[in-house]
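Here TrEMBL flags D:PHE39, D:ILE40, D:ILE41, D:ILE42, D:HIS43, D:ARG112, D:THR296 as substrate binding site. Positions annotated as heme binding site by TrEMBL: D:HIS282. Among the features that TrEMBL reports, region 'Disordered' is placed at D:342-362.
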Number of protein chains: 4
Amino acid sequence: MSGSGDVHYHDYLQLDKILNAQFPESDKLNASAHDEMLFIIIHQAYELWFKQLHHEADSLVAIMRQPSLNDNSPELQTVVHRLNRMVVILRVLVHQIDILETMTPMDFLDFRDMLRPASGFQSWQFKLLEAKLGLKFEYRHGKEYYTAQLRQEHVDLIKQAETNQSFLQLVNDWLERMPFFDDAEAWKELSPSKTNDIHPFWVAYTNSYSNSLAEAEKNNLEAFHEVMFEHKETHYTLSAKANRAALFIMLYRGYPLLQLPFQLLNNLLEIDEQLSTWRHRHMNMVHRMIGTRIGTGGSSGKDYLKSAADKHYIFKEIAQLTSFLIERRRLPQLPKAIEQKLGFAAPSNSPEGGRTHSTRPA
Amino acid sequence: MSGSGDVHYHDYLQLDKILNAQFPESDKLNASAHDEMLFIIIHQAYELWFKQLHHEADSLVAIMRQPSLNDNSPELQTVVHRLNRMVVILRVLVHQIDILETMTPMDFLDFRDMLRPASGFQSWQFKLLEAKLGLKFEYRHGKEYYTAQLRQEHVDLIKQAETNQSFLQLVNDWLERMPFFDDAEAWKELSPSKTNDIHPFWVAYTNSYSNSLAEAEKNNLEAFHEVMFEHKETHYTLSAKANRAALFIMLYRGYPLLQLPFQLLNNLLEIDEQLSTWRHRHMNMVHRMIGTRIGTGGSSGKDYLKSAADKHYIFKEIAQLTSFLIERRRLPQLPKAIEQKLGFAAPSNSPEGGRTHSTRPA
Amino acid sequence: MSGSGDVHYHDYLQLDKILNAQFPESDKLNASAHDEMLFIIIHQAYELWFKQLHHEADSLVAIMRQPSLNDNSPELQTVVHRLNRMVVILRVLVHQIDILETMTPMDFLDFRDMLRPASGFQSWQFKLLEAKLGLKFEYRHGKEYYTAQLRQEHVDLIKQAETNQSFLQLVNDWLERMPFFDDAEAWKELSPSKTNDIHPFWVAYTNSYSNSLAEAEKNNLEAFHEVMFEHKETHYTLSAKANRAALFIMLYRGYPLLQLPFQLLNNLLEIDEQLSTWRHRHMNMVHRMIGTRIGTGGSSGKDYLKSAADKHYIFKEIAQLTSFLIERRRLPQLPKAIEQKLGFAAPSNSPEGGRTHSTRPA
Amino acid sequence: MSGSGDVHYHDYLQLDKILNAQFPESDKLNASAHDEMLFIIIHQAYELWFKQLHHEADSLVAIMRQPSLNDNSPELQTVVHRLNRMVVILRVLVHQIDILETMTPMDFLDFRDMLRPASGFQSWQFKLLEAKLGLKFEYRHGKEYYTAQLRQEHVDLIKQAETNQSFLQLVNDWLERMPFFDDAEAWKELSPSKTNDIHPFWVAYTNSYSNSLAEAEKNNLEAFHEVMFEHKETHYTLSAKANRAALFIMLYRGYPLLQLPFQLLNNLLEIDEQLSTWRHRHMNMVHRMIGTRIGTGGSSGKDYLKSAADKHYIFKEIAQLTSFLIERRRLPQLPKAIEQKLGFAAPSNSPEGGRTHSTRPA
């Protein structure tokens, strides 16, 4: 079980490969440009980290595919832990842009033309990661754009990932499996309504939500109905049922069984935020480096990057649920039987994050 | 000259004031919300740093107002040093958003309604800083918006700053004073053109720039003429003359006398980038915190922040000059007399950043 | 329940106080030193954040004091969340040192003598925070040192905190209350040993640990016995019983009920690490600012800071438990009854972090 | 001169090599440990950046070797720029430790034994970088230690670098060439002293320095004499002459010609600080990961790292000069002829950073 006893750092890390993989074009042309080494090495560092992000994302997909994974499965902790690691990696990738910014536009011009038509748009690993996480093709800015720049084998990988269940879709399925609302009997005390087939909890909650809105916000109620129940539009990845489970988790995260699910959802938003910040800083950096000079492809790089930065939020359907939160004191009080299912042995406990009894109006 | 000998840390820092300036609204209403303290303290920390940024900006304006300040003035180093400090402060302010993001939307809801109508839009110090640096009123998104939320005394301060010479205008004047092009005799060797009143250097440079453009980029030449010479549009803050000086500095930054001017221009772009990243992360954070719920004012906070994030680049006229850079090997070779004026004692030296003779085509 | 409707940002944040609390000594002496404003404001920002850290620490102590708090109490999540916030704040405080480093030694000399005898050693809030968290007086470097520099009222606060139960002691008590080992019958299958009063789990674990040690590491076994059982030395804050519970949590963190306890312990180590990095960078910064010049107090500031940086690890007894971990495949397999108590409904599940059955030797 | 027109991102970056260079030992042993991929990739990312640091350091050595390089050479700007880039890279390397810390000790144990005897001590690139910058063998902690772990070819590289002129020695030579003090006639007005062969400036400065010391600091004067003139001890890398030039630069950095030299010296201290912070955080991380368990080599990793962290300051002789600074108002007023040589066209100008006339006592 232990190692062979002769593992050496240099070999183990394959440093003969890694450290001999830098071939500046400017050297070949006898016009050595000092900063081209930096340009190569920073992109290689990015690609190494993209590989690591794929390693994590693949493991997450494998775990989430298990049909039995639900709110108290032990692997949920692993999912949360690895999502968090992805966030930590993305933070370093954002910071790393500082290094590229030490290259001035004039220093870049020393070798920029030698690289054509290579460009950063050609990182298939990054596009593949977006696809695995759940960026839909129809939301990808400049849809056909990337196929022109990538090799067929890498385009195929991305198309394949777009066909497979994405991590976002697996999150949807996991949310749909959440067993909170199953015990009809236990919930009945919450709302006696029998006039429609809406679950008693949501009857009570819709009422509270409506009351929480000021006059000028009344049209939020329509959006609430559309997102949580009707789903008349067709562009959704998350089902109405999954939305309801996600909102319930955000509302009652204080209950023990909802703590890891809440951390999971929160990490998804964190990933989107880091990706968004990365795109934003990358766009600014490109702008400083090459200005607004119109490229050979007809559209400027900055415009592309800017549109992508605005559109590519993968988990935006989860983010928008925030609009439907209400104050804790307005939350429907859960039935005791449900509270026990959510992890309260002693039902008299009042969790931070669950309903705060003491501030409840008489 | 030395201190009175009885300065005490606690008094010196006025900690009795600083540490007794937190009065949560939720305490007054007997509905104590734990996270309101964080909300107060982080905003106070921001305002403290805004005061420091004003302290630096005011000193920069005072220095730049001196008519004698030019390329080899000693205060130029002070300007560069303090601009750099502003960048370092802004980086911490961006990072600080991480702390606010530890407050979840549900925790914010515990006290959010109690604060109305107070909002982060009301930081007059931030708006005043933008005005001092040079953000023009007509570029400010939602022009009348802020006057509705600020006190009259603070609106007056901002209006006053918009009337005064901004830091950007002082940069313009300093650039116009640059004495590079004055010695007509010395430059004559560069271009014999006498058919128009364009300086010989720019005749040569325009030629080089034109040659550097690929067929598809030819319309860049029009932009070049407009920005560098014609200035037919009217929205500029920087004059054509100032643009030419700034571009010259970027092109020949290797010469000793151009090093600090280059650092100065570079720091301006860095400030814009940090402000832009701050606005971007702030927008994302607000989005996570309150979703897209439509506010009482009619327009959502996120939309406002997004538009402001796109528009409020203060030094964008400097940034766009990057489009007009060309490769070092295409740079016109400066006359020897000019090289000496730019700080070369031994004219045979070939500076990195000046023309690289060795790679010059025969 | 809602706000009074007339809360204004400027008043709410008490900006009249906050922004009028900077009185440079160099102004009073008509020898204005530009950088003294920075010196004041950065220390005020630190003190604001120290107040916030106290706000969090006090709430943690209040929660942990509840005798009923155990492994599945809902407030445990609140403890973890707020410890994590403290870590995020400390990271910004470390980063903030970058700003002070933009002040050069010569710029500091412009006003340094005017401040005597004020010094950063006089932050009573920081010392009080260390005391609340659990830094014991006898481990404080230069024990009497700080009493000479602080006001009596602040010394009294610190002494009081040293007398009260610290957060570390409350962690000890919480660990001691962990109910893992109580069900003697359920554990019996693990080890038939009846020759001493060591719990069957620890009989099995000691055996595994001993087997994991290479020949050269055999003296680790002594340390293991001392820390986990004998406790012959007297300097401990954590009892042997608490150590055993903490180690058990680290070993079996994969079980649902151990996830939050593990996050809690991990956050304690993270806090120590950030405090340690803060002290280290602070020491370097002081060294760059004032060199090794011997101070009026007889001992150099750097030497004090260096010793403090080495000694002031508050949670080091938890950190050292890492030495007693073993590989997952060597972990004793928990009895089924215990697994169920730790949160496994379906005992066939094999959690990441629990024993990995598939790699178990035949 | 332009590229061949068929450069492709994937080939240009040699991604076939880079992305196929990860071979976890745990895969070979059919005991796949998820986190080993992270362990490999982070070390590869470190080694890529170490290669970039060598690229910069080698270019700095090449520039500094030119005997003509002095205070107004154009390449000085390049040196400052690239030192600054090294600082920016080191900051990211420090931050990157965050990623490794997402691996828990138990996760590391899953594959730790398989790696023996490989260890992070075996990064020859890092040791080589220290040697190139100027870490002397006799200051290297655990002198023979590393030779036992590195391959002979890499040991040879390091030994060779220790024999070559280090960057620190080249800094020494550049400082010695500084021409500030050459014009004996111009300086004469400063001090009429003829009783010894100390330069008139230093006669005046020693007098000022002595006056600046409080009674309790008088033994600093001895250190001052030793470091600046006598050099009786033998362990120095910087000569007394170089020390005097460096101190002069720090004191009068406001003069145009001293601005880049000051930035250069400041960047050296910044590099040492980042290296120091890196070692400190690395030490803490190792401590959290493996505890204080005694290793097979007899001494614990943490003890080694701690001692190295304390000793390996490469530029400490420059850092300690800070102790010998005095307030600006005490600075000897430079003769007009010298001021002009230092870049003041108009001698009436009073630079920030030079002597501030207005605050001079009558």
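Heads up, the Cβ atoms here are built off N, Cα and C, so glycines get one too.
Projection of TrEMBL feature records onto the structure.
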{"residue": "D:PHE39", "record": "substrate binding site", "Cβ neighbours (10 Å)": "23"}
{"residue": "D:ILE40", "record": "substrate binding site", "Cβ neighbours (10 Å)": "22"}
{"residue": "D:ILE41", "record": "substrate binding site", "Cβ neighbours (10 Å)": "23"}
{"residue": "D:ILE42", "record": "substrate binding site", "Cβ neighbours (10 Å)": "20"}
{"residue": "D:HIS43", "record": "substrate binding site", "Cβ neighbours (10 Å)": "19"}
{"residue": "D:ARG112", "record": "substrate binding site", "Cβ neighbours (10 Å)": "18"}
{"residue": "D:HIS282", "record": "heme binding site", "Cβ neighbours (10 Å)": "18"}
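Here D:HIS282 (heme binding site) is positioned 13 angstrom away from D:ILE42 (substrate binding site), judged by their C-alpha atoms. Counting in whole angstrom, D:HIS43 (substrate binding site) lies 13 from D:HIS282 (heme binding site) by their C-alpha atoms.
By a Cβ separation below 8 angstroms, chain A lies close to these of the binding-site residues D:PHE39, D:ILE40, D:HIS43, D:HIS282: D:ILE40, D:HIS43.
If you measure from the Cα atom of D:HIS282 (heme binding site) to that of D:PHE39 (substrate binding site), you get 14 Å.
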